[in-house]
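K.L.:
Okay, so TrEMBL annotates it like this:
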type     : residues : note
DOMAIN   : 10-400   : domain 'Major facilitator superfamily (MFS) profile'
TRANSMEM : 46-68    : transmembrane segment
TRANSMEM : 75-94    : transmembrane segment
TRANSMEM : 100-123  : transmembrane segment
TRANSMEM : 135-158  : transmembrane segment
TRANSMEM : 164-181  : transmembrane segment
TRANSMEM : 208-229  : transmembrane segment
TRANSMEM : 249-270  : transmembrane segment
TRANSMEM : 282-302  : transmembrane segment
TRANSMEM : 374-393  : transmembrane segment
Amino acid sequence: MSSKMSHTHIVVLCSIANFINAADRVIMPIALIPMTNDFKWTMHWQGWILSAFAFGYLSSQVIGACAAKKFGGKLILLLSVFLWSISTVATPWVSHNTFALIFCRVMSGFGEGLGLPTIFHIFANNIAINERSSAFGYLVAAGSVGQTVATVICPHLMWQTSFYLFGSIGIVWSLIWMSLYSEKDYGKNDALPLIIIPQYSSIHWRKFFIYWPLWAIYIAHFTMNWSNYIIMHWLPTYLCYLGANSQSISLTAVPYIFNSVFGIVAGNYADKLIDRRWSVLTVRRLMTTIGLVGPAIFLLLFCTVNSLAAAIIFISISMGLCACNSAGHLSNHSEVAPNHAGITFSVSNTLATIPGILSGPLTAELVTASHGRWFPVFILAAALNFTGSIIYCSQSSTSQVL
């Protein structure tokens, strides 16, 4: 093989890394059910184990962007994938000690948090501008496929095997990446940073927190992620509460499929509305409203049914509608801060990881306090979505503030 990888090979390898990243995230929520049977964890410990990942993920995103710029994408992406893969493989070995397991989950989250900012850096320096949209399309699609594959396969495996399988794939990927990708092979290729590290004093960090149009985005992102983390972390457990067995737990893949399909449709539809001379602000508010209010309604319906089939249908529609946010507030950064969209997105994504920390223990507390009933969990998530939609529609803007 040539010592110099083509841009296609870079996109393929980075997409595979994101496939593994996304798959590893959903293993624990599925494995938690048989692990709880083995280790007799309380609901509260289950919540902390699920949320531990977000502690690491929250702390490493900005570090990843800065480290990739200073030390190069090859080293940091290698470190990222190897760290989360080793942590995944080690999980069955340390599971008998809850504190060691939580530490392992934090390390896994830290490794995964380094990943995407580093891939953005690699794409910015190696992929031509006119090829980046398709490159990111493959990257995002690979993540959705990874979640779907893991949710289909893992319920049919011993829980230890799930961690060994996907962790080992990550280690193999690390060896391939280390042997094939060379930083010196590539120069700047229409470099347009996708993760922007401030290197100037003209914009003070305070500016990213004093404008309501920015806070409208931050709050919408926060409320969207609260529902997403509830579903990602607790859906397998809730379906067992409804009577699902190890076979039907695979149905947790369906909401991710809906999310992928709706996301593509929503993006194309939003572009068509703008082409028909709808104002950009109207389209952003419409898509965010659909992406927050729609899931809130179906979450409320979801918690009222006892049928497994109806529950899967409602939660799949909820996750599908949530994808409309990609054409709503998630696309609003480049309009309110066109020269600093990388920073505003980093701030927003960091704040939106907080639900990953809080939703685990709080869900456990709500279910325990309600004597095993789950409706307070979904009512809270729906209420946050309604609130986020109201704030976004009243405070959002498409006028530049930074």
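Any Cβ shown, glycine's included, is placed from N, Cα and C.
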K.L.:
When you check the transmembrane segment (135-158) against the transmembrane segment (249-270), do you get at least 3 Cβ pairs under 8 Å, counting only pairs 6 or more apart in sequence?
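P.N.:
Counting Cβ pairs under 8 Å, at least 3, so yes.
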K.L.:
Might you confirm whether the transmembrane segment (208-229) is in contact with the transmembrane segment (282-302), defined here as three or more C-beta pairs under 8 A between residues 6 or more apart in sequence?
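P.N.:
Judged by the Cβ rule, the two regions touch, with the required three close pairs present.
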K.L.:
On the 0 to 100 scale, where does the mean pLDDT of the domain 'Major facilitator superfamily (MFS) profile' (10-400) fall?
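P.N.:
Value for the domain 'Major facilitator superfamily (MFS) profile' (10-400), mean pLDDT as a whole number: 87.
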